[in-house]
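Features of the protein shown, as given by Swiss-Prot:
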type: TRANSMEM; residues: 7-27; note: transmembrane segment
type: TRANSMEM; residues: 46-66; note: transmembrane segment
type: TRANSMEM; residues: 94-114; note: transmembrane segment
type: TRANSMEM; residues: 144-164; note: transmembrane segment
type: TRANSMEM; residues: 195-215; note: transmembrane segment
type: REGION; residues: 237-260; note: region 'Disordered'
type: COMPBIAS; residues: 241-255; note: compositional bias 'Basic and acidic residues'
type: TRANSMEM; residues: 312-332; note: transmembrane segment
type: TRANSMEM; residues: 349-369; note: transmembrane segment
type: TRANSMEM; residues: 375-395; note: transmembrane segment
type: TRANSMEM; residues: 419-439; note: transmembrane segment
type: TRANSMEM; residues: 506-526; note: transmembrane segment
type: REGION; residues: 564-593; note: region 'Disordered'
type: CARBOHYD; residues: Asn574; note: N-linked glycosylation site
type: COMPBIAS; residues: 584-593; note: compositional bias 'Basic and acidic residues'
Amino acid sequence: MALIQTAFIWVAYAVAVGIVALIAAIFTYTYQTPRDRSALVSTVTIITLTSLLATVLLLPVDIALVSSTTSKLGAKKDWATPETVHNILLTLKIVYYALYSFDAVLCLLVIPFTYFFYEEYDEIDSEEGTQTFGQRFLSAAKYTLFFVALVVILFLVGFFVPVAKNRGSDMDLDYFKRLLAENHGERALTFALGLLISLGTLLYILYTSVGLALLPISFIKSAPSISAPQLSETTASALEQNRERQRQLEGRNAGRDGGLSAKDQRELEALHREERTLVRRERLAAESRGDGKSFIVRAWTKTCAIFRPLKLIGGILLLILSLIIWVSMLITGIDKAKNSFCKQHCGYILGSINIFQPINWIFVKSSIVFPIDYVLMALLVLFLFSSSVTGIAAIGLRFLWVKLFEIRKGHTSPQALLMATVMLTLIILAINYSIAMLIAPQYAIYGAQTFCANPTKFPGDQPDCSNHPELIKTCSELSSGEGAEKVCTPSVVSTFLNRVTVNFPFFGALAFWAQFVFLAIFLIVFVTALFRTPKLDLSEIDEDAEADEEEGLLASTGRRFGATWQDIRGKTQNTSGGAAGRGIRGDDDHNDD
């Protein structure tokens, strides 16, 4: 029975990794620009994102495996011998160390090498045969040596840096003694992870907080809708007026010596530019309607239009989830700041939950029946990941106030994609800390484990609480006694993260207090976004259409226009003002605004 249960847990994890690999591939191909697509960049991005998400999604597996060793009566199951439990923990440690090490190598070595390898490519030299693969490889490797030196220095510092020592009676518990790392190799990896988490926390409080506020609101308050039929009609009307005005100018100056006057010439040139814009916009509207496409494509377009109103409901649900996450983090933060017995000396580890925390309660209750908690954790991780992507897309890749790259669907360069992947690597490490330490702290450490506090008659016997349910206690860091020591098994990830904060208290204090900055930024952006009306940027649409037209890719990246009944019917509504009254401005008029 134990073997079947363990196998089921690992199979569920394998399925989850397969799903996140698909999500990583969709993310990569959705955001990268088609005309500069690189197979190497795409592969590295997909592998990196899959590895990162797999690292975070190992938490429910960790909880399920350690929780499976205990019964509802607070005793170890018959098959859960000390040797069996040790083997389970050893397997989890190997997987964790492998994933964390792989993440670090990808972030600090593989992605920089891929960035320089792509930058070294010269299309003209490659076609002429003056640039070979070996030259590009050696040149990229030369620039990557800096990052190799950085990794070596990082691990050397972690290998020799002194760790925190026992700090009095507060740290005398067995749980905290085990956290004080004595192995130098483990200490080096702990230091490196703590440094990467700290760097990721700085990005996390900026990008994830903004995305967590903007993502639900973007579903609810989308930009003003323009239906494809309405856009087509207004564009056709404006195009007709444009060409009529051109004919008037040409007719008025037909018999004039020297041709058009300077004023008329400038107006005619502006009309020509506007005409090109309107023609592109007309073709774009036709693409969004599915004109010239198969019946399946047209049916899919109308089906999407029908279900777009569900976007509002989804936005409301995501908004509720965002607020619950915010409240849960605030509750845990206050609880830790007030009730942590070791404060900044151990990264504000909380002995036990003192205030009801909704998300932690949901996960603890759902962990009783696997894989309910796994599904919930996967959804939570993907939501925070999507929020991070939304934040990066909204703010862009910046150095101080200078925007270096822009992250947009279908318009992200390979360099920007690699830099965004590095940022997401660090952010996901910070998300892993936030989930385990603030969002669901009790669940992340012991899950639903309990222990029987009823004393045993003989040493080595299992405690029996079948007739004393009131003596069944919840496992926590402060649990003591023979029953807790034999039954309560902390998760590997919580032990690893707590080892970072206990051995290097600076990292723990930074990661903890940064959560309050995260909450403050979320609140500011959330309130601002509630009262800010989104605008439809037609100039951006025109620029996208022009770029796509130049590359012959207009059909593959047509933009979606709002969800209205007109999209479903394929016809425009009759309005008193008409298209001519509203019109559509060209590039020059738009820029004048």
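Note that Cβ sites are derived from N, Cα and C of the backbone, with glycine treated the same way.
Here the transmembrane segment (419-439) has Cβ contacts under 8 Å with residues 31, 44-45, 48-49, 52-53, 55-56, 59, 103, 106-107, 111, 115, 193, 196-197, 199-201, 203-204, 207-208, 325, 328-329, 332-333, 336, 347, 359-360, 377, 380-381, 384-385, 388-389, 392, 397, 404-405, 407, 412, 445, 493-494, 497, 511-512, 515, 518 of the same chain, all six or more residues outside its ends. If you look at the transmembrane segment (94-114), the same-chain residues 6 or more away from its ends with a CB under 8 A from one of its CBs are 40-41, 44, 47-48, 51-52, 54-55, 58, 140-141, 143-144, 147-148, 150-151, 154, 189, 192-193, 196, 418, 421-422, 425-426, 429, 492-493, 496.
Of the recorded ranges 195-215, 375-395, 506-526, the transmembrane segment (46-66) has the largest number of C-beta contacts under 8 angstroms with 375-395.
Note on the transmembrane segment (312-332): residues 212-213, 215-220, 350, 355-360, 383, 387, 434, 437-441, 515, 518-519, 522-523, 526 of its chain, located 6 or more positions outside it, place their CB under 8 angstroms from a CB of the stretch. Remote same-chain partners of the transmembrane segment (349-369), defined as residues 6 or more beyond its termini with a Cβ less than 8 Å from a stretch Cβ, comprise 60, 63-64, 67, 176, 324-325, 327-328, 331-332, 334-336, 339-342, 376-377, 439-443, 447-448, 474, 476-478, 498, 501-502, 508. Counting same-chain residues at least six beyond the ends of the transmembrane segment (195-215), those with a Cβ under 8 angstroms from any Cβ of the stretch are 104, 107, 154, 158, 318, 322, 325-326, 383-384, 386-392, 394-395, 423, 425-434, 500, 507, 510-511, 514-515, 517-519, 521-522, 525-526, 529.
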